[in-house]
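Take a look at the structure below.
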Amino acid sequence: MVGYEYVSPEQLAGFDKYKYSAVDTNPLSLYVMHPFWNTVVKIFPTWLAPNLITFSGFLLIVFNFLLMAYFDPDFYASAPDHKHVPDWAWIVVGILNFVAYTLDGVDGKQARRTNSSTPLGELFDHGLDSWSCVYCVVTVYSIFGRGSSGVSVFVLYLLLWVVLFSFILSHWEKYNTGILFLPWGYDISQVTISIVYIVTAVVGVEAWYEPFLFNFLYRDLFTSMIIGCALCVTLPMSLLNFFRSYKNNTLKYNSVYEAMVPFFSPCLLFVLSTAWILQSPSDILELYPRVFYFMVGTAFSNITCQLIVCQMSSTRCPTLSWLLVPLFLIVMVVNVGVTSYVESILLFILTTAVTLAHIHYGVRVVKQLSNHFQIYPFSLRKPNSDLGKEEKNIGL
């Protein structure tokens, strides 16, 4: 299992034929962020590998998640009569979130600037983005938290799924059309969230207790913006792009079943995790919301990464992910009846297993593609360049 190769020979052959194709029509991205990124990228030295920029941005998102987990482990820190997150922490999170967003926009430009664009770079970028979804959403949750002035953990769970499905929708588009239509919601949300973090440090979380308009609270605005963006922007544009491709007869799959296969595993993950929450004898989501979110988000990222590999290699997406098997078994056990202690242990074991499996998947896929394209993932040097014999034999 340690040396298991997840990318098949057929998929490796597909990567050899792959050509990047994306469309970005977001005015904020086109007229504000891209000019900004074009300026920022000139700061980076030409020897800096694009994948290192990508990974650095991802680590900043993870750091924000861990920082909020320290100050707000149970999402009660923003509630009245609770010890709040320090103002300086909000400033740090806001700055780092924008820096991470900037690095995510700059990595591709650095790749073209250094003539080092590879399919691995795109896969690495989008794969980490799929995992960043849960970190970003859960970190934002600390602004409102739960309690009388916040959002319930179950509502946040549903909002997390709105974000996750919005993310996979764009890759479902590319799986069927061959073109990645970059979603408008991503740029708008990242800029807005970064500003809100800074504003929270200035005005304090108490400011979010007050009504935004009449009896419409800020927490309601937060919920409405996520759902509204998904239903009024992301979903309609995705369906429009899909039907345009259908009308132009450029869809890769003519069968409705084959076209919808990428949604099978995410939908089953949603059904199983929701069933666990509803059947839980100890109300597991109330006990360990952060762990449960992380488990769901990590499993989702693994499923999405497999889809991205298939879309880029023009191969068929797996019908179901094997990571759903242990989750299914746990839901069955919980349905029969277990103690609160046993259920908690099962959650932590599953979360650990899913995380290790996903990390193993990522490391092995990166290593396979690095060997296939004969590149170092975090360096611009080639394995066949003038290096010492020992340095050439260094693995990932």
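Placement of Cβ uses the backbone N, Cα and C atoms for every residue, glycine included.
What TrEMBL records for 47-68 (among others) is transmembrane segment.
Here TrEMBL flags 88-106 (among others) as transmembrane segment.
Annotation comment: TrEMBL describes 127-144 (among others) as transmembrane segment.
Marked as transmembrane segment by TrEMBL: 150-170 (among others).
Same-chain neighbours of the transmembrane segment (221-243): 140, 143-144, 151, 155, 159, 162-163, 165-166, 169-170, 172-173, 176-177, 179, 181, 183-185, 188-189, 212, 251, counting only residues six or more beyond its ends whose CB sits under 8 Å from a CB of the stretch. What TrEMBL lists as transmembrane segment is 221-243 (among others).
Beyond the ends of the transmembrane segment (255-279), by six or more residues, the same chain brings 154, 157, 161, 164-165, 168, 171-172, 175-176, 285, 292, 295-296, 299-300, 303-304, 307, 316-321, 324, 327-328, 330-331, 334-335 to within a C-beta distance below 8 angstroms of the stretch. The transmembrane segment annotation in TrEMBL covers 255-279 (among others).
Annotation source TrEMBL lists transmembrane segment at 291-309 (among others).
The transmembrane segment annotation in TrEMBL covers 321-338 (among others). A Cβ distance under 8 Å defines the sequence-distant neighbours of the transmembrane segment (321-338), meaning residues of its chain 6+ beyond its ends; these are 265, 268-269, 272-273, 275-276, 279-281, 299, 302-303, 306, 346, 350, 353-354, 357.
Residues annotated as transmembrane segment in TrEMBL: 344-363 (among others).
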Report, as numbers and ranges, which residues of the same chain sit near the transmembrane segment (47-68): CB under 8 Å and 6 or more residues beyond its ends.
85, 89, 92-93, 96-97, 99-104, 106-108, 110-111, 114, 116-117, 120-121, 124-125, 128, 131-132, 135-136, 138-139, 142, 376-380
Under 8 angstroms, Cβ to Cβ: which one of 127-144, 150-170, 291-309, 344-363 has the largest number of such pairs with the transmembrane segment (88-106)?
127-144
With a Cβ cut-off under 8 Å, give me the same-chain residues at least six positions beyond the ends of the transmembrane segment (127-144) that come close to it.
54-55, 57-58, 61-62, 64-65, 68, 71-72, 75, 77-78, 85, 93, 97, 104, 150-151, 156, 159-160, 163-164, 167-168, 193, 196-197, 200, 205, 208, 218-219, 222, 290, 293-294, 296-298, 300-301, 304-305, 308, 358, 362, 365
Could you tell me what the rest of the chain brings near the transmembrane segment (291-309), counting residues at least six beyond its ends with Cβ under 8 Å?
6-7, 11, 123, 126-127, 130-131, 133-135, 137-138, 156-157, 160, 164, 167-168, 171-172, 175, 262, 265-266, 269, 273, 277, 284-285, 315, 317-318, 321, 323-324, 327, 347-348, 350-351, 354-355, 357-358, 361-362, 365
